[in-house]
Amino acid sequence: MAALKMAALLLLFTALILLRGSFVRSQGLQVGFYDSYCPDAEDIVRSTVEQYYDKDATIAPGLLRLHFHDCFVQGCDGSVLIAGASSERSAPQNFGLRGFEVIDDAKSQLEAVCPGVVSCADILALAARDAVDLTGGPSWSVPLGRRDGRVSLASGANALPSPADPVSVQRQKFADQGLSDHDLVTLVGAHTIGQTDCQFFSYRLYNFTATGNPDPTISQASLQQLRALCPPNGGDPSRRVALDRDTPGAFDVSFFKNVRDGNAVLESDQRLWSDAATQGAVQKYAGNVRGLLGLRFAYEFPKAMVRMGSVAVKTGGQGEIRRRCSRIN
C-alpha cells in the first residue's frame, strides 16, 4: 500500500512538473527558461564557446554572424544550421559562415545531460552573447524558449543584407524583421569584431561603378592599406580582412569612427554615413572624445540583440527540439 501511495505521489509530482513546463513554454521567451529543466545549459554553452575562443579568437564574430543570419531568414529558429544541398546554409549569401562546430559541440554536451530540452536556436543566441562578452563587449540576459524550425531553404537567404546594399535597401530588410533604423546601425556595429573576404569589397578599390576608379568615399589611407591586402591580380579573393582596422579583436566603438572617417571596408557600412537618419546614430556612437560614448553603444547593443533575437521565434508547440542541429528530427 505504501509503495502504491509513493508511486502515485511520484506520478503527481511528474505531472505537475510537466504542467509547469507546458505553462512556461506557452508564455514565449523568458530569461532563465531552462533553470528548471536544464540548469547548467547556459554554463555549458559558455564553456564551449570559451574553449573554441581560446584556440581561435576569430570564432567570436563567426558565432555572432551565425545568429544574425539565422534570425533574418524565417526568424530565429536555427534553420541556418541545417545541412543540405538546398538549405539556407548552402546559399551564396551564407558563404563563409563559421561556428557550426561550436554549436554542434555544445548541443552534444547538452543532449548528454538534458536530452531533447535545449533548442539549437537558443544555443545560437547564447553563443552570440558569449562571443561578444569574450571580446570585451557587453553581456546581457538572453530570453530563451525558442524552438527549432523544420524548414530551411536557400531561397530564403535573399532576405539577408548584402555588402553592396544602399541604405534604402538595408532599411527595408531590417524593417521587414520589425527592426528600426536605430537597430540597423546598432547591429551593424557588430562589425567591430567582424571579418570579410576581399571578393566582397575589392570592386571598391579598383573599378567602382565601372569607372576604373576607386570608391571616392574611401579615405586615401584605407585605400592604400586595402589595396595592399587585396591586390587586383594574383591575390587571394577569399583572404580575410578585418572590418575594423584599428581594434579588430575588441568590441568597441572604433568601427563607428571608421565609418565616420571614410575607413569602412564594406560599401554598405560606409553608406551609413551618407544617409541623414543613419548618420546621426553613427555620429552618436563614434563620439568626439575617445571612449566617451562607447558606453552608449554597450548599452544599446544588448537591447538591439534581444529585439533581433525575438524575430518570428517559434515557441510552445511550434517547431521541434532537434537532437542534432544539422538535421531535422
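Note: Cβ is positioned from N, Cα and C throughout, glycine not excepted.
TrEMBL: automatically predicted annotations, no manual curation.
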Can you look up which of Cys38, Cys76 is joined to Cys71 by a disulfide in TrEMBL?
Cys76
Regarding the disulphide bond with Cys120, report which of Cys230, Cys325 TrEMBL records as its partner.
Cys325
Within the same chain, and leaving aside Asp70, Val73, Gly75, Asp77, Ser79, Glu88, name every residue whose CB is within 8 angstroms of the centroid of the CB atoms belonging to the recorded Ca(2+) 1 site, in sequence order.
His69, Cys71, Phe72, Gln74, Cys76, Gly78, Val80, Gly149, Ser152, Gly156
Within 10 Å of the Cβ of Asp77 (Ca(2+) 1 binding site), how many other Cβ atoms can you find? Include all protein chains, please.
29
